[in-house]
Amino acid sequence: MADRYAHLRASLGDELLAKVQAAKLLVVGAGGIGCELLKNLVLTGFLNIHVVDLDIIDVSNLNRQFLFRQEHVGMSKSQVAAAAVKVFNPDATIVAHHGNVKSPEFGLNFVAQFDLVLNALDNVDARRHVNRLCLAKDKPLIESGTTGYLGQVTVIRKGETECYECQPKPTQKSYPICTIRSTPDKPVHCVVWAKELFRLLFGRAEDSMLYEDPAGDEPSAYMATVTARPEASADAITAYAAAVLVAQFETEVAKRIGMDVYKGAKRLPEAVAGGALRALAAEYAQAPSRVARKAGWDRDVWGVEESAREFSACLHDVYSSAALREHVGSMEFDKDDKIAMRFVTAACNLRSVVFHIPLQSYHDAKGIAGNIIAAIATTNAIIAGLQVLEALKIMRAAKPIREACNYVWCLREGTRKGLLLQPTALEPPSKGCFVCGTRTVDVHLDTAALTFGEFVSRVLKSRLGVNEPSVSVGSSLIYEEGEDAAQGLRANLPKRLRDLPGGGVTDGTSLSVEDFSQDLDVTVCVYHRVFDEEEVPDGFVVGGQMPVASAAKPSAEPPSAETGTNGAPAAAAAAAAAAVPAAAAAAAPTAQPAKRGREDGGSEEPPSKRAAATVATAVDTTGGDDDDDVICVGDD
C-alpha cells in the first residue's frame, strides 16, 4: 500500500513530520480563511484538529468558501467544514464545535489542551479574547486577516512577541456579509442591509448581497415577490409594497428562526406582524415625507408605523413616476437622493426593530455611507498558506519563535523589488500594553455624566474587550459578572460614576478590573474630562491619545449629581436603570469586600514602526474581516 505521507516525509523529514502528526491544533473560524486553512493543515499532515465557529452557512458564502455547497445552506460552518476536509485526509480527526469562542466552554481549560492555536476570525472582539486566552495558557497563536487584496499573518507568543493588543487598532468599520444578512447587532449593519435591499428592488438585483437564485434548490422567501414589478396604479403599488414588507420583515425572519439560525443568540429576533404591515402600506399618504415637516424633521426617529408608511411611499414615488420607473433595474444608491435615503432609513429601522437594535433618524442613517470591498478568494488562500508555513516553523522548534517566525504582509502592489509578500521581523512585547505589559490603562471621560452601566458596556466590554468584568474601588467590590456573581451589585449600573460607593469614581480614581474567564487583571486609571461631542462622539478616550486641546476641557471638580451641568446622559441612565431588575435595585449592599477569583479549574493595524512602509496607505486588516466580504463604511 502506498505511503500517504511519502511526499511530506521527503519534504519535511521524519522528525518534523512526526511532530506535525502528533500536534493538537485549535482553529478558530471556518469561513474564507478557515476553509483554506483546514484543507492546508490536513494536507500538510496535521491529524488532530478542533475547529470552533458560531456561524451557519449562507448562500453568499458559496462563491469563495469552497468547502460548502448549496445543500449546506443553513448548516453549521464548523461541522460541514470538518466533514469536508476529512475527504482530503481520512486519517485526520477533526472535531467541530458550533458555538461562540467567548462561551465558557471554550475557556482557559479548553485552550490548555492544544499545542498551537490558529485564528481565522472576523472581528476584533473575538480576536482579543483568543489572544488573552493564549497568553494566559502560554500557547503560541498564529493570527491572520484579509481585506480585499490585502492581508497579513503574524505569530504571538507570551513574553517573546507583541500580542494582538500591543499596538492600538483603528476603530473597526468593516463588517462581514454573513453578519449583515443573518446576525446584525449594530445600526450600521441595518443601514448596509437596507442599501442592499434598495439595490435588490431598484438596481441590478443580481448584484445585491440579498439576491437569491429563484431556481435554486432552497426556495427563497422573497425573490418571487420583489421581482414581480407592479403596474403604475396606486392599488397595484400598494399591494406590491405590502407584499415586499411582509416577505422581508415577517416571512423571511420566521423562516430563519425556524431554521435555528439564531439558536445561540442572546435574544431572538421578532418578526413584524404581517397584518400590521399590510395596513401600514396602504397609509403611505401619512408617511413622514408626505406630511407637513417641522424644523429638524430629519432628526426624528421613525418607529415601525412611520417606517412602514415611508417604505411604501418610496415605492409609490418610484413606480408612479414614468421618469423613475423606466430606470428600475439600473438605479444606483446615492445618499443625496432623497427617495433613496428615505427608503434606506425606513428599511433600516424595520430591520432594527426585528433585531432589537437602536433605531436611526434620517440624518444619522445618511451619515453612514459605505461601499463593498469584495472578499478575494486567492488572498484568503495565500494567507492560509502563510499560516501553515509559520506553523511548521513553530513545530520545528529550532529557534525561539521571535527568531524563527515572521510578520508577513500580502500586498496589492509590489515593492520596488516586485515582491507581493513582505516579511518583517516580529516585535517584542510592548511595555505599555495593558494586556501583556504594564497591566494599566488610562481612560479619560466625564465622571459626572457617564453611568457605571455605560462604563461597563462601552469602555470595559466594547473598547477594552473584557468578557466578564469584576470591578473594585479600593477594597470594595462594586460589580461582577460570571459564575456566582452577586446580583445585588447590578444596582450600581444606573448610577453615575462619581456617585458610586466608596467615594465614587472621580478624577484620578484607580479601578481594579479582573476577568477570570481571560485570566486578566488590569488597573483602569480614570481621569475626569469633558469632551466636545463632535470631536469625541464616544464621550471617552482610552490611552494617551488625547484630542486637540480645544476639544478637551479638564474639570478638577465635577459638579454634583444633583446639579450636574451635562444632562446628555439622562436618557442613557434611565435606559440603564430600566435594565436593572427592581429586585436587584432594592437588594442588599451595593459594595462588598473585594474577592479574588477562582482558579482555572474552579469555574475563561499594522504598527507604524514596522518596516512595511509600502502598505502605509493600505487598509489595515488586523481589525478587519478575514472570512467574508466586508462592508467598509467611509467617513464622508
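The backbone N, Cα and C atoms fix where each Cβ goes, and this holds for glycine too.
TrEMBL does not curate its annotations; it predicts them automatically.
Of the given residue ranges 460-518, 578-636, TrEMBL assigns the label region 'Disordered' to 578-636.
When the recorded positions Cys178, Cys436 are compared by the number of other C-beta atoms lying within 10 angstroms of their own C-beta, Cys436 comes out lowest. You'll find the Cα of Cys178 (active site, glycyl thioester intermediate) roughly 28 Å from the Cα of Cys163 (Zn(2+) binding site). Each of the binding-site residues Cys163, Cys166, Cys433 was ranked by the number of other C-beta atoms within 10 Å, and first place falls to Cys163. What surrounds the Zn(2+) site, by Cβ distance within 8 Å of the Cβ centroid and not counting Cys163, Cys166, Cys433, Cys436, is the set Leu135, Glu162, Tyr164, Glu165, Pro429, Ser430, Val435, Gly437 from the same chain. Residue counts of the domain 'Ubiquitin-activating enzyme SCCH' (314-366) by helix, strand and coil are 32 helix, 1 strand, 20 coil (DSSP-based).
In the domain 'Ubiquitin/SUMO-activating enzyme ubiquitin-like' (444-529), the DSSP tally of helix, strand and coil residues is 21 helix, 30 strand, 35 coil.
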